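What follows is a short report on a single structure.
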Amino acid sequence: MSQMPIRLSFLVFGLLVLALSAGFIGGAPVVTQLWPWPDGRLSYLFVASILAAFGVGSLLIAWTRDWRSAAGGGVALLFGFGGMAATLVSLRLHGAPVPIGYPLGYALVAVQGATLWYWGATHRHADTRKMPALVRLSTWVFAITLLLVGIALTLQAPTIFPWPLNANSSILYGWLFLGLALNYGYVSLGNRWSDAKVSLIGFLAYDLVLIVPFLQHFSRARPEHLTSLTIYTAVLIYSGALAVYYLFFDRHWRLWTR
């Protein structure tokens, strides 16, 4: 069977998601309306960074044709968007004016994630090398950090993010973090470089969307948010440096080395 239709699917999906990311970065109303309620610029940038991570990861999979490495993204979509859909249903049941299209749309993304997870897991890794030790250790740290932050966000901890959050947005962001935590845990357990490449390049895209706005935010952040802003920025710098080194400079691991 030709792999071209599959490759095109990942290519189109990646480009579409990157276009949505650009829309959130630019604050295009036709795109920001995909979020259930109006929100602030930094919050839209956060959504854009998540979309950029998924989009770039999909493009990398289209390039490498290592279909097994799509499974981790499926895990993130299933639990992240599934949790978001469940939250919106709960808000509707408690009388919040959330149009039904939002939980239905997010649930469809979760179903797509489950399908991607199952489908990806049926394939063998094209690149069977294990991760570099530092990458695997870092991936575990990312997974644990995302898990803890995700739990705090779903519990609406007030200063866990570098800016004040809409209470309901905090819960949705928490689910996104929990989905990503499970993705990183899944990748760490699998211990395959092909999976790590997708996670690293996704994290790099996430970093690139947020790093400049976060650095600019130091002059405007409230005192109670400075600690989280400092920690968050340090994580962005570390994860970005890790990704750049292994994906583009290390001759044993860079993207075009097999």
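Placement of Cβ uses the backbone N, Cα and C atoms for every residue, glycine included.
Because TrEMBL annotations are produced automatically, they should be read as predictions rather than curated entries.
When Cβ-Cβ distances below 8 Å are used as the criterion, the transmembrane segment (43-63) is approached by residues 7-8, 10-11, 13-18, 20-25, 27, 32, 35, 69-70, 73, 76-77, 163, 165-166, 169, 173, 176, 180, 197-199, 201-210, 213, 255 of the same chain, each at least six residues removed from its ends. The transmembrane segment annotation in TrEMBL covers 43-63 (among others).
The feature transmembrane segment is assigned by TrEMBL to 75-94 (among others).
Counting residues 6+ beyond its ends, the transmembrane segment (100-121) has Cβ neighbours under 8 Å at 34, 36, 67-82, 84-86, 88-89, 92 in the same chain. The transmembrane segment annotation in TrEMBL covers 100-121 (among others).
Annotation comment: TrEMBL describes 133-155 (among others) as transmembrane segment. Among residues of the same chain six or more beyond the transmembrane segment (133-155), those with a C-beta under 8 A of the stretch's C-beta atoms are 161, 165, 170-171, 173-178, 180-182, 184-185, 187-188, 191, 193, 196, 199-200, 203, 235, 238-239, 242, 246.
Remote same-chain residues near the transmembrane segment (167-186) are listed as 36-37, 39, 43, 46, 50, 71-73, 75-84, 87, 91, 96, 139-140, 142-147, 149-157, 160-161, 195, 199 (criterion: CB distance under 8 Å, separation of at least six residues from the stretch ends). Under the heading transmembrane segment, TrEMBL lists 167-186 (among others).
Among the features that TrEMBL reports, transmembrane segment is placed at 198-217 (among others). Among residues of the same chain six or more beyond the transmembrane segment (198-217), those with a C-beta under 8 A of the stretch's C-beta atoms are 21, 25, 42, 45-46, 48-50, 52-57, 60-61, 69-70, 72-73, 135, 139, 142, 162-163, 183-184, 187, 229, 232-233, 236-237, 239-240, 242-244, 246-247, 255.
Long-range contacts of the transmembrane segment (229-249) within the same chain: residues 132, 134-135, 138, 142, 145, 161-162, 197, 200-201, 203-204, 206-208, 210-211, 214-215, 217-218, 221, 255, each at least 6 residues beyond the stretch ends and with a Cβ under 8 Å from a Cβ of the stretch. The transmembrane segment annotation in TrEMBL covers 229-249 (among others).
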